[in-house]
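Take a look at the structure below.
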Amino acid sequence: MLFENSEQHKDDAFREIIASCRSLSKYETNIKSALPQILSAIVAASFHIVIGISLAYSAILIPQLEQPGSDVPITKAQSSWIASIIVIMVPIGSLVAGVMMEFLGRLNTIKLAAVPCVAGWVAIALANNFTWIMVGRVLTGFACALGTSPAIVYITEVARPDMRGSLISSGPTLASLGMVIAYAKGAFMDWRLVSWICIIYTIVPVLLIQLFVPESPVWLVSKGRIEDAARSLRFLYKKYPQPEHTDQTLSEMHLNALLKERETKMAEAQKNVNRHGQQQSKLRGFLKPTGYKPMIILFWFFLIQQFSGIYITLFFAVTFIQDVGTEVNAFTASIFVGLTRFSMSLLNAWLLKRFPRRQLVMVSTTGMAICMFVSGLFTLWIKEGTTTLTWIPVVGLLLYVCASMIGLLTIPWTMTAELFPTDIRGIAHSISYSMANLLMFFAVQSYRTITDLLGGAYAVQWMFAVVSVIGFFFALFFLPETHGKSLAEIEAFFAGKSQPQRVPTEPAAKPSVTEHLIRSPSREAKLREVELMLKNKNGA
């Protein structure tokens, strides 16, 4: 009888705070309330600036080294290695990052990435031969992966569902800013001076993270650091009004939800302990549909992305513009390419928040195919001497970059963290990220070989157009939609479940009203369910 009275008292209390929760629901789409999350996400992603500089650096370095009288002369084969070696190091760095972020935390891993990055820029700045340039590119490539994966995972864990895609896209946006910086400095400065300046862009993000950003509460709870997790949550949700009629703050409610999730995961892990008393490997997570299906989809998605030319035109921007035969200054044009990427990155954050992923990819690939076909046609006419409109391929390239930024360039990267379940998300993101960069390496490394094989720049552009068309049909028939869905809903989709399900700590017990409200991914959408649960419970 006493237990029933206690339960009735809880139910009455929750009826009283339902009105407060309804008023809170508007803050789930309120930008002001999410400012701490936005600040944390952008600062955590700020290391992407130096990543963008590292990626675009080959575009300004190679033309300067190939000029007559260069103090470090290189061959065409060596130039391909300078452009692509940074990419081949990313899988190694990404796998290391996957392990480090689990043990050291998301933000500490980003901070450590600055060490090889600074060493790499110093090696390039002091290089007196091809070997030392390669050493510097290897170190900066390793640092790129070490700083990227933790930032994406961190944003995934701290951002609310409706802003997750936009905040994840802040990484590519800042990388695009880094590309603009690289192209602009390369047009007016010697490549050695640019290397020295890049050390500043490496150190500043680390200082900002140290001063302003709390660690992921999800990771802190997984390590049993409950007080630190509570402080982190108080910072992330300090702009939210707290529920009335209850002693619990909103941050405490989220902390309880994280603790419950941790307990559930511990219970699941306990069940997975085999008869020898050893925990089964996380490899089993990849043998489930929630593990291997996203990996297969991402492989084909990234294959299409890389051979549609998005990153080839990035690493060889100046060289690519020179190859089309335009009279426009290639270094000046490369700055406009960088500015276009950056401007479209800002727009992309809004597009990801407003439109479904599949539609964006389909629009993106359509625009890319049209631009590359027209650009290739005029490149052929320039080669044959039948047109004087040599500026059209440059305009076509800029429009192609615009179209790629709508979807095909950014969306595959956001999905590396979205598509996988919590128990394998860190390592799965690192593996998929490594896979994407291996494909990027083969694409960038083969650019000049493909150009010679197909007969010129015009044929390469037509190849990019064909691959873009393939990307359209891939998005139409195979790409899953993640826009506006919680991570649990995405996991349920790959598991073949109509509704996301959780394993209760006590199989026979019904979820309480308290737990149901705390776990609701969308409070406004679930309030009616809470009231219905109370009604059914009292009517039983």
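Placed from the backbone N, Cα and C atoms, the Cβ positions cover glycine too.
Fair warning: this is a prediction, and the values are worked out from it, not measured in the lab.
Quick look at what TrEMBL lists:
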TRANSMEM  38-60  transmembrane segment
DOMAIN    38-483  domain 'Major facilitator superfamily (MFS) profile'
TRANSMEM  80-100  transmembrane segment
TRANSMEM  112-132  transmembrane segment
TRANSMEM  138-155  transmembrane segment
TRANSMEM  167-187  transmembrane segment
TRANSMEM  193-213  transmembrane segment
TRANSMEM  296-318  transmembrane segment
TRANSMEM  330-351  transmembrane segment
TRANSMEM  360-382  transmembrane segment
TRANSMEM  394-415  transmembrane segment
TRANSMEM  427-447  transmembrane segment
TRANSMEM  459-479  transmembrane segment
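Non-local neighbours of the transmembrane segment (330-351) in the same chain are 56, 59-60, 63, 166-167, 169-170, 172-173, 175-177, 179-184, 186-187, 313, 317-319, 321-322, 360, 394, 397-398, 401-402, 405-407, 410; each lies 6+ residues outside the stretch with a CB under 8 Å from one of its CB atoms.
The highest tally of CB pairs under 8 A with the transmembrane segment (193-213), across 167-187, 360-382, 394-415, 459-479, is held by 167-187. Mean per-residue pLDDT, taken over the domain 'Major facilitator superfamily (MFS) profile' (38-483), amounts to 82. Counting Cβ pairs under 8 Å that are 6 or more residues apart, the transmembrane segment (38-60) and the transmembrane segment (360-382) reach fewer than 3 and are not in contact. Sequence-remote contacts of a segment are chain residues at least 6 beyond its ends whose Cβ falls under 8 Å from one of its Cβ atoms, and for the transmembrane segment (296-318) they are 55-56, 58-60, 62-63, 83-84, 179, 183, 330-331, 333-334, 337-338, 365, 368, 372, 397, 400-401, 404, 408-409, 412, 415-416, 419, 432, 435-436, 439-440, 442-444, 447, 460-461, 463-464, 467-468, 470-471, 474, 478-480.
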